[in-house]
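According to TrEMBL, the protein carries these features:
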{"type": "BINDING", "residues": "B:Glu207, B:Val484", "note": "Mg(2+) binding site"}
{"type": "BINDING", "residues": "B:Cys228, B:Cys231, B:Cys517", "note": "Ni(2+) binding site"}
{"type": "BINDING", "residues": "B:Cys231, B:Cys520", "note": "Fe cation binding site"}
{"type": "DOMAIN", "residues": "B:31-147", "note": "domain 'NADH:ubiquinone oxidoreductase 30kDa subunit'"}
{"type": "DOMAIN", "residues": "B:283-453", "note": "domain 'NADH-quinone oxidoreductase subunit D'"}
Amino acid sequence: MQVDRISSPLKLLTIALKTGRVTKKYPFGPPLLTESFRGAISIDPAKCWGCGACVLVCPPNALTMRFEEERAVLEYFKGRCIFCGMCADVCPASAITVTKEFELAATNLEDLKEGVIHRLSTCAVCGKPFAPAAELRDVMKMHPIAEEYANICPECRKKRTAKAFGLSFGANI
Amino acid sequence: MSAGEVVKEIEGKVVELGGIVESITETAVFVEVPRERVRELADWLYNSGAFLKTCAGVDERSINSKFAVYHIFGLDEKGLDVVVKISGLEGEALPSIADAVPAAEWCELEARDMLGLHILGHEAKPRHVLPQDWPEGVYPLRKDLSYDYRPSGNAEKFSEELPREVGLPIGPYHPILHEPEYFELYVEGERVVDVFYRGFHVHRGIEKLAESQRFTYKTIPFLAERICGICGFVHSSCYVLAVERAARIEVPERAQFIRSIVLEIERIHSHLLWLGIAAHILGYDAGFMHMWRIREPIMLLAELLTGSRKTYGINIVGGVRRDMDESKKKRALDVLKNVREEYKKFVEVLTAVPEIVKRATGTGVLPKSDARALSVVGPTARGSGLKRDVRKDYPYFAYKHSSFKVPVYSEGDNMARLLVRVDEVFESISIVEQLLDALPKGPIAVESYEIPPLRKAVGTVEAPRGEDVHFIITGHGRPYRWRVRAPTYQNIPALKVMLRNTPLADAFLTIASIDPCFSCTDRAIVIRDVRSGSRRFVGLFEGRRYASR
Amino acid sequence: MYDSIERKVKASIQSRVGPLGLVRSFLQSWFDLAKLLSKELVLTSYGIALITILELLFLAITVLTLQVFILAPQLQWIAALFLTFLSISSAFSLLRAVCLDNPFSSIGAFREFYITLAVEGFFLSSLAMMLLLEGSVMLRLPLFCIVALSCYVLSGRTPFDIAEAEPEIASGVYIELSGPLLAIATYSLHIKRYVLAEILSYALLKLIGITSTSFALLVVLLLTPITWIIFGVISVMLGRTRVDVGPITLLKVMLILMLFVFISMLLMVRQA
């Protein structure tokens, strides 16, 4: 028993001899990743609808959508991204893919931001821009809607519906 | 006495005290009693063998114009939670149950700090959770305070008081501590005679954040996962468990299995981490290096199964997001087999190093009676002879499909807690193997679910450090109140007992032996506190000592 | 330089790489010292600077006298000089730590005091006997044991690095040193370890009985790194002891060995 107590710490040497050195050579060698690793995302602008589902579901608000005059910008800020992949799960157009990029350090904050710019279609009635053209196009692909109906902004659509409703009751408009 | 009879008895007692039983589910009983009688009920529950889990203060003024305090008790043998609610209008005094149940002191103080509740008996005690220069009259958890309110700091408010004996400051900066906390050890020579603790340096305001518009039910699991870096998955699991219980969502079996498997993998990695740290504290760096080398395949396995080494991100309300196919299962089993062999060989070496044995035995003793009074949880409790394990007492997820032992040692010293963790790793490996073999087919998440508002539920999960409690009151689109009680929160008051009469050299091992995770502990209410970024070492000699019990 | 090699060996036992590359395997410690010299110096009192520099000076003299003695063992006064400087230099770090206001530093100082107390007296007297006396193997063996044990204890490695214990008392005796001062103090520690390793090597020679002067120095110089590495390997395998446990055990062991010494001396006297 006493001998055991002294010899057991010595077994450390045998364990060390057997395992050798385990330090990996990264960054002088490949990083240690598995196939399930989730890194930064990449958005395919051609497929993106501009629907904003990813923006709704992003926990840290790394994906944001802002509406400017003639366009909508979907901005992806890598600094806030937690690499959860919810956006890729939710995207109806499968435009978001999760890459294995994790070496993302940059010296300039703006370098970490990526944007997808959508042209907004304008309303056939009032002329104001209201929704990304890509979204309209893809929604129409899924559900056949009359083009003239789809190209009207929600405000004008409301007015039109109210008018039609009133007319059917014989109101004088 | 079966669970049904126990419920009947509780009902009877509550009615006798003039209260009402709000609802009964298969895991919990929700009652409300008039506030003058709560101490009697608490006394009766405690003496019948219940443990206090936590208490949560809630601002219910938008519902019924009152503030409420929910005391959550747990009856381990029956697997039943008893949630006792008392309420009062603003300014009315609420009685404290801390003299009947000493474990309640901390959470009542927190409710007082955060909501401005007037709790009898605690008026004179200084601020517990908020820093000293927090403005008077501003209560973070009240609904009328916006989540991004930031007060300006005022350093003069920190009062200074000279200590009587040599106060040895440990922290907030100290090489051995991984997270900022402040212990002041009062030593005589090399013997610690008293300790003063001030924590909550890393308040991040998670509970308030969850109530704000930034978050919804869908995104909170990710927030919960970041409460702690080592046991994050436990928090997100506990949260979804509480929500699923509140909304009565039926989660598919396969998802429950996957959750249990990942939880056990987290337990393995956490215990291996802790064993390495314990070796490092005792000066045995080779132990640290080798233990973490053995742990590395587990981290890789976690990444393979979930997509990320630590913040797994696979929990959502209603199931999980990532599945396990046959090849992953096989690789997992291989990895676990190797880890078990290497771990077994190394643990023999580790527990034979004479210095480790001599220094860990007999130090940091927590007697069983103190452990019971303070309701400690996890390996801290199991090292002192209390057989408490949430996986057995309040079964959740897929644990009922596996069989495992709960290691209990009765000496109550650091060595006992170390050995508990050593044994638990073996048990966890065995659980994962059993569950992987029995993995049922099926979907991994529910298709859709509804969460009705104003339902209450308690979720408890066994974290590597002990029992983690989440209390949810559902709201519209996001919780109305989310209370997180991390296991370390419950265990820190026990440190005062353990550190008494310990040699200074082993004080650190004692502090580390409860496996403190201060990120878990400090998560409470205040939002993105300016304080949490700045760690000024101001002489916080408040002269406040915990009353000797 | 030996320190870098020791770190490489220790790292191997811990399954790590340690200092990376051929150059660094030998020169890492120098790189560290150079880096420390370039850091800023925060001085809380002038006394500690003075003490630190004096410590280095005394240790330098100790090394020189040891080399001279090995070359010319008949010069007994060199031995006395060497022993004097050795004992004074070990008091320096104690002095420095005690005069600081920092509680961690005081605790470190007291621990160093206990350890030194348990060992130093026996060490110096045994060393004196070993260097100056000729005796039978029976006498030389326990003397060698005392010297060997003391050399290990005084070299400040685990299990006896409790004065510096980084995880426990935030570098104890070294806590208030920074920048160039820390570099000097670290270098002093390395020199002390060198002296102790050399003493042990010489003591080994004495045990075996080789004392011809021309080869002695050479052999000692070759043996020293080996002794150093052996110390390093031992230190990896053990944890850190505690101030109320370690010194007392040491004291007991020393007393037993001293008993053997006395018995052998008595027998020697009887024979003569």
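A Cβ is built for glycine as well, from the same backbone N, Cα and C atoms used for every other residue.
The model shown is predicted, which means the values in this text are computed figures rather than measured ones.
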The correct DSSP tally for the domain 'NADH:ubiquinone oxidoreductase 30kDa subunit' (B:31-147) reads 31 helix, 35 strand, 51 coil
Out of B:Cys228, B:Val484, B:Cys517, which has the highest number of nearby Cβ atoms, where nearby means within 10 Å of its Cβ, if these are the binding-site residues? B:Cys228
Using the alpha carbons only, what distance in Å do you get between B:Cys228 (Ni(2+) binding site) and B:Val484 (Mg(2+) binding site) once rounded? 12
Near the Cβ of B:Cys231 (Ni(2+) binding site), how many other Cβ atoms are there if near means within 10 Å? 30
Provide, as an integer number of angstrom, the distance between the C-alpha atoms of B:Val484 (Mg(2+) binding site) and B:Cys517 (Ni(2+) binding site). 14
Inter-residue Cα distance where the pair is B:Glu207 (Mg(2+) binding site) and B:Cys517 (Ni(2+) binding site), in Å: 17
Whole-number mean of pLDDT values that fall within the domain 'NADH-quinone oxidoreductase subunit D' (B:283-453): 88
To the nearest whole angstrom, state the Cα distance for the pair B:Glu207 (Mg(2+) binding site) and B:Cys231 (Ni(2+) binding site). 17
Cβ density check for B:Glu207 (Mg(2+) binding site), other Cβ within 10 Å (all protein chains) comes to 22
Local backbone state of B:Glu207 (Mg(2+) binding site), from DSSP in three classes: helix
Simplified DSSP label at B:Cys228 (Ni(2+) binding site) comes out coil
